[in-house]
């Protein structure tokens, strides 16, 4: 394997990417891009303390942690409705237009996910079915801090709206003055969020999981956040539903020799600029392309506004992997099970059947991951850290629940009741059996 470097304006040499031959460097590759699913014990203790404090002391604890971690002394945790309307009115009209276009695209996609209740008549006239019911209340967590993410507002709100959730609350961290990003507020207005709170961190998760004197308890909490938010969601699961435990962003690009090196480089950068822990990986059978992307990344990273973040992410978690053929590239991608997978190949639809594990697949060189992040329609809240093997993107299904319906008449229980009672006898559950036989005796 060989690292690439770029020279900053201060002449510091910083590693950008490493190149691996999969046949020879497999173990080193997975050490480079492997992710731990464990949380730091100190973070776990801190989150546990925060959750317990909020559960016991409610608003007072939330306000104390908000002052401690966000530097804000709040008189109200909820953003006034007039602030939300003002943010939309004062926003760049072009920004509002693209928010509205994206919102309609996301709604349109999620409408295809809607499940209907069903009923059918079984043997002997028994009526069976399943009723689909939306949850009453949802809380959407929208990250703040290093960047503002109005796209996360739309992506979390749309499936909840389509599902028919009664009340959709949103929370996002404020700054030290108590202000919330106007872009996020404008997006909340477009999405028709019920109300917005200016809270962040584990204390926000706890407040909506348990409820406080002024904050409602919800049924589900969705949305990404930092490690404190992720661990808080994990710990409150059971008190509420959650979407997933989100980790740092990831992209894998599978490319053949015809792929555009600049497209690939910028797509790797796009994921890396999120966070120093983000992962960007190119897998290709073309050594020529691998070297071209490697060299272009080294040449371009220093000119990027978030170049230091990109360089750190690529150095710590990035890789270029040279494989024997495109089929092996697909197998390696499935081993990673990435959040985002781009297929920069001549015939992506022919390759799709070879892919089993990815949160979202982007077909061809012009279907860049950025399109999915903001505009296309499928949800950008995706499984990370290899969990695409068993988790799915955020969807309408996350905001509904299913109830089984069973209807037997007297005549129908008389026809099969003794067999059912006998089944219960074999499990040693006398009351189960006698509950049926009591009905048989009534005749």
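Every residue number used here counts from 1 along the chain in the order it is shown.
Cβ coordinates are placed from backbone N, Cα and C, and glycine is handled just like the others.
Database features, via Swiss-Prot:
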BINDING   141, 203, 226  NAD(+) binding site
BINDING   249, 271, 274, 340, 373, 427, 432  substrate binding site
BINDING   271, 274, 373, 432  Zn(2+) binding site
ACT_SITE  339  active site, proton acceptor
ACT_SITE  340  active site, proton acceptor
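Everything Swiss-Prot records as a feature, shown here on the structure.
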residue	record	DSSP class
141	NAD(+) binding site	strand
203	NAD(+) binding site	helix
226	NAD(+) binding site	coil
249	substrate binding site	coil
274	substrate binding site	coil
339	active site, proton acceptor	coil
373	substrate binding site	helix
427	substrate binding site	coil
432	substrate binding site	helix
Which of 203, 226, 271, all binding-site residues, has a Cβ with the fewest other Cβ atoms inside 10 Å: 226
For residue 141 (NAD(+) binding site), the one of 339, 340, 373 that lies nearest, given that the recorded positions are compared by Cα: 373
Residue 249 (substrate binding site), number of other Cβ atoms within 10 Å: 25
Intrachain C-beta neighbours of residue 373 (substrate binding site), sequence separation six or more, cut-off 8 angstroms: 151, 380
Diameter of the NAD(+) binding set by C-alpha atoms, the set being 141, 203, 226, in angstrom: 13
Recorded positions (339, 427), the one with most neighbouring Cβ atoms at 10 Å: 339
Binding-site residues: 274, 340, 432 - member with fewest neighbouring CB atoms within 10 Å: 432
